[in-house]
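Taken from Swiss-Prot, the feature domain 'Core-binding (CB)' applies to 84-169, supported by sequence analysis. The domain 'Tyr recombinase' annotation in Swiss-Prot covers 191-377 and rests on sequence analysis. Annotation source Swiss-Prot lists active site at Arg228, Lys251, His332, Arg335, His355. Residues or ranges marked as active site, O-(3'-phospho-DNA)-tyrosine intermediate in Swiss-Prot: Tyr364.
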Amino acid sequence: MAARPRSHKISIPNLYCKLDKRTGKVYWQYKHPLSGRFHSLGTDENEAKQVATEANTIIAEQRTRQILSVNERLERMKGRRSDITVTEWLDKYISIQEDRLQHNELRPNSYRQKGKPIRLFREHCGMQHLKDITALDIAEIIDAVKAEGHNRMAQVVRMVLIDVFKEAQHAGHVPPGFNPAQATKQPRNRVNRQRLSLLEWQAIFESVSRRQPYLKCGMLLALVTGQRLGDICNLKFSDIWDDMLHITQEKTGSKLAIPLNLKCDALNITLREVISQCRDAVVSKYLVHYRHTTSQANRGDQVSANTLTTAFKKAKEKCGIKWEQGTAPTFHEQRSLSERLYREQGLDTQKLLGHKSRKMTDRYNDDRGKDWIIVDIKTA
């Protein structure tokens, strides 16, 4: 006589087994809880149990999502929106900013600037509901940044979080006018960095290493054109036509055409002569480029803004001038020096710098107490 089939204790819902009397084999089946249909799983008991467990999990998740979706629709029908957490809203906010970036409604630098404030907000308040955030929560984030000595970044954090809540108002996730970031105090940022004088610029220029000719080109372009660091690094020889250097400013989108005969009287050099110094035996698209292959770049490659900043800092340390800690001028200060030199020549520096307002240009003209004001004692 054939042996009696073993009994199977099945603890997994919707899993069944069936004995085939002809062959003596046990076949496993899974019954779909919604449709009632059976699905064959073969004769491997362990594999059948694993498949049934996974199927139950998937179906349970689907039913949970359906229930939540129905609840959300019911809440909307009642005129209420489900509460959204800070993390959930920040994910949507980032998506909105990416869309603005793709449609040229947001500058790349402005998009990158939002990164740290969003990260800090997520870390500090991520699990809270957006509508429950208070001015105290925002103030704690801002104060933590200020405590690290980054007052300018604290201003950026406040500015970005104000925009986060404005977008949330537009999306209907918080009531109109709800903006706890707006209620916080604007951090003060006292600028300690000194302006760069012409004598200091000349001392730094003379201390540039022979192995870094790109820094001399960058410094000359900065002083003669008055443009920002990123725009100088992006300058190409193909940007020159009609006897002018054409620049589309990365920060503002302003389009400038600077005549090559523009002359900086303080250096007794024209833009045309500076560009001639940028031309060499190395084939490159960029005015500021590597002339020698290094471990990080090949000959002719574009010099990055970070590389130019670091090289300027090293030349500044070698020039022999001592500044108090935290007050040494940066590469960007050449833009202010250029504005002051050209204003003395009588040029329209607002157009040269690409500013939309005279007020912004006047800020660059402020020497921050660097020079003495000579009192005119001549009588009429």
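Cβ atoms here come from the backbone N, Cα and C positions, even for glycine.
Distribution of Swiss-Prot features across the structure.
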residue : record      : DSSP class
Arg228  : active site : coil
Lys251  : active site : coil
His332  : active site : coil
His355  : active site : coil
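Taking only the Cα positions, the spacing between Arg335 (active site) and Lys251 (active site) is 14 angstrom. Of the recorded residues, Lys251 (active site) and Arg228 (active site) place their C-alpha atoms 9 Å from one another.
In the domain 'Core-binding (CB)' (84-169), the DSSP tally of helix, strand and coil residues is 69 helix, 2 strand, 15 coil. A gap of 7 Å separates the Cα atoms of Arg228 (active site) and His332 (active site). In this structure the C-alpha atoms belonging to His355 (active site) and His332 (active site) are separated by 15 Å.
Note on Arg228 (active site): other Cβ atoms within 10 Å of its Cβ, all shown chains, come to 23. Shown in sequence order, Arg228, Leu229 are the residues of the chain, 6+ apart in sequence, with a C-beta less than 8 angstroms from the C-beta of His332 (active site).
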